[in-house]
Each structure stands twice: as structure tokens, then as C-alpha cells.
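A quick write-up on the structure given underneath.
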Amino acid sequence: MATHNIVVFGGDHCGPEVVLEAIKVLKAIETNSPSAGKFNLQNHLLGGASIDKHNDPLTDEALNAAKAADAVLLGAIGGPEWGTSSTVRPEQGLLKLRKELGTYGNLRPCNFASESLVDSSPLKAEVCRGTDFIVVRELTGGIYFGDRTEDDGSGYACDTEPYSRAEIVRIARLAGFLALAKNPPAKVWSLDKANVLATSRLWRKTVTDVISKEFPQLQLEHQLIDSAAMLLVKNPRALNGVVITSNLFGDIISDEASVIPGSIGLLPSASLGGIPDGKGKCNGIYEPIHGSAPDISGKGIVNPVGTILSVAMMLRYSLNLPKEADAVEAAVKAAIDNGTKTKDLGGNATTSDMGNAVVAELEKILKA
């Protein structure tokens, strides 16, 4: 029987609350799906909690555990008490973790966990119904990692966006793999600014080469990022499939997409350091897209669904347990369809109520 080693970072404020519900889901799988194996959970501090105890947002011990693990589950980090004026900040720990694990691809799905949530979207139901795409953002290159010149009082500053062909090739391969894994295979949308930027022209050429040569059965379409941003509001279904883009553009477009399903508390994410083809280790960092929410933490009202669905992504991509991943997603849908909703969705369920409802549905599915 397989043992899956998972490092758990509860993080700060609401982070430990939502992670607790996600762990309930893993325990339910362990009990009701023996073939899935055992989950060896190792708890460590990250972010502000680690700063408070160790004056370090990510200790060597925690980092080494994460490197050795099969996957990392994270709640949320940060808070006003560790502000931007501090020399040691929670975000430094997460950036170091991503760098050391080599997680070059960030995945953010944009879909509705339940059809009943369509009316929660800021977009009209007839516009957003059926939206189902995943943004694959290049995470370790581009303008965030380029040379920069700070304003020294002269009134001039500069940021540069470097990209190499190798960096683009590996993210294009990840997008191609994810698109091909869909049934039927999904369309690939590549977003750039090739009419202006040299890096975008290299991006477009490289993505075209990779998809046409390595994934010839896939349909690829290029879209300028500004046009895609408009399309995302006007007709988000048009982008259904796999959306691949650079670090900066992905940061912006994935945040724009996150409002479509109605609550950021619903949305998961994965940051992967390889291709999840089951042929080798594919470590990843799995976390909800929301922040640590210090204003509502400790009140039992935070929505844990984004973290629970992050567990589903972990099961699918790092632990090679697709049946259990599907079961978790189906359980979330059933729980919401049956009326269990947290405050952000217009309900009155507590954080633990939501987690318990998902677990109850999951047990039914796994026992069927």
C-alpha cells in the first residue's frame, strides 16, 4: 500500500481553519478508499507564523521536508502585522518555497463548482454559464525576475522582461499535456502581446512549435492579452479549454477570471514543478487562491471549498489518484447542490459545516 508524504503549511489567520477541513477529506479517502493508500501528513510553519516563532518565514527544516514530500498543501499566508515595511515578510517564505521546488507552472481553474452558483457571478447567467477553462501561468520567468532599476530620485525606473525558449517550451508542454488529458482534448489558447513585445513574439513562435510538433492533435489559437481580457467579460466561454500565458499576463488574467464563479473562496490552485504524467515525481504546491482573510478568520465563516478542491488537484496531479480527485469534486458539487453554503455564497453554514457536508457526500460516493 502506497504512503503519500504531504507537507502541510496551515499558514496564517484563516489558513489553518481551511486546511483542517481539507485534512478531513484526506482522512475520509484513507478510510473509504483503501486502494488510495495512506497520507502521511507533516505539519510545518510558513509565513507569519514561522516568523513569529523562528524569525524566518521558511526554515531549512520546513523547506527540506517540502522538497522530500510528494506534495505540499498550503492554507494562506500573510497579514497586516507583517507589513511591507518589515524586512522579513511572510511572502518571502512562499517565494523561496516556489523557487526551491522549481514550480514553474501555476494552474488556476475557472469554472462553477455547482451549477447552482451561476447566479452568484457578477456576470449575467446567460453570459457565464458553461465557463470552464484553466489558466496555466508561467511562474518563474518574465518581468518579475528580470533586471530592474529603482528610482534613485532621478524620476526614472525600469523593469525588464527576459524569457528563454527553454522556459517557454516547458510551460507549453505542460499546457499541451493538460489539454490532451481532457476528454475530448481541449483547445489551447495562448495569450501574448506579440504585436508589440519581442518576448511575446518569441513566446508565440515557441508555443506554436511545441504544440504543432508534440501535440498535433490539439487546436491552438493565439489571442492578444488585451483582447482576451475583454473577451473574458463579454463571453468567457469562448476561452474554454487551456489558457497559457506569461507570468505578468497570467497574474492579471487569472485574477480577472477568479471573480466569474462568484466567490474567491471557491477556487483552488496548483503550482507544479513537472509534467503530471504518472511516470515520475511531480511535486506541487496546492492552495486556495484567497488570502489569509484576517478580518474574518477565527469566526468560523471562511469558505473551505477552495482548499478542498486544491486537495482534488493534488490527488490528480501529484499523487496520481484521479478517481479520488473526481470523487472530491463531485462531493463538493453535491454538498452545494443540497444547500450547504457558507456566508460568501449567501448561506449560513460554518467552515466546519461545509467541510463536514463535503465529507458526508464523499463517503457516499466512495462507498457506492
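In case you wondered, yes, glycine gets a Cβ from its N, Cα and C as well.
Now, the feature entries from Swiss-Prot:
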type	residues	note
BINDING	79-91, 291-303	NAD(+) binding site
BINDING	Arg98, Arg108, Arg137, Asp226	substrate binding site
SITE	Tyr144	site 'Important for catalysis'
SITE	Lys193	site 'Important for catalysis'
BINDING	Asp226, Asp251, Asp255	Mg(2+) binding site
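DSSP assigns Lys193 (site 'Important for catalysis') to coil in the three-state reduction, outside any helix or strand. Contacts of Gly83 (NAD(+) binding site) defined by a Cβ separation under 8 A and a same-chain sequence distance of 6+ are given as Arg89, in order along the sequence.
In this structure, the C-alpha atom of Arg137 (substrate binding site) lies 32 angstrom from that of Gly298 (NAD(+) binding site).
Distance between Cα atoms for Asp226 (substrate binding site) and Glu91 (NAD(+) binding site): 29 Å, as a whole number.
Distance between Cα atoms for Lys193 (site 'Important for catalysis') and Val302 (NAD(+) binding site): 38 Å, as a whole number. Just so you know, the Cβ of Arg98 (substrate binding site) picks up 18 other Cβ atoms within 10 Å once every protein chain is counted. Highest local Cβ density among the binding-site residues Gly79, Pro294 belongs to Gly79, counted as other Cβ atoms within 10 Å over all protein chains shown. Around the Cβ of Asp251 (Mg(2+) binding site), the same chain contributes Arg137, each under 8 angstroms and 6 or more positions distant in sequence.
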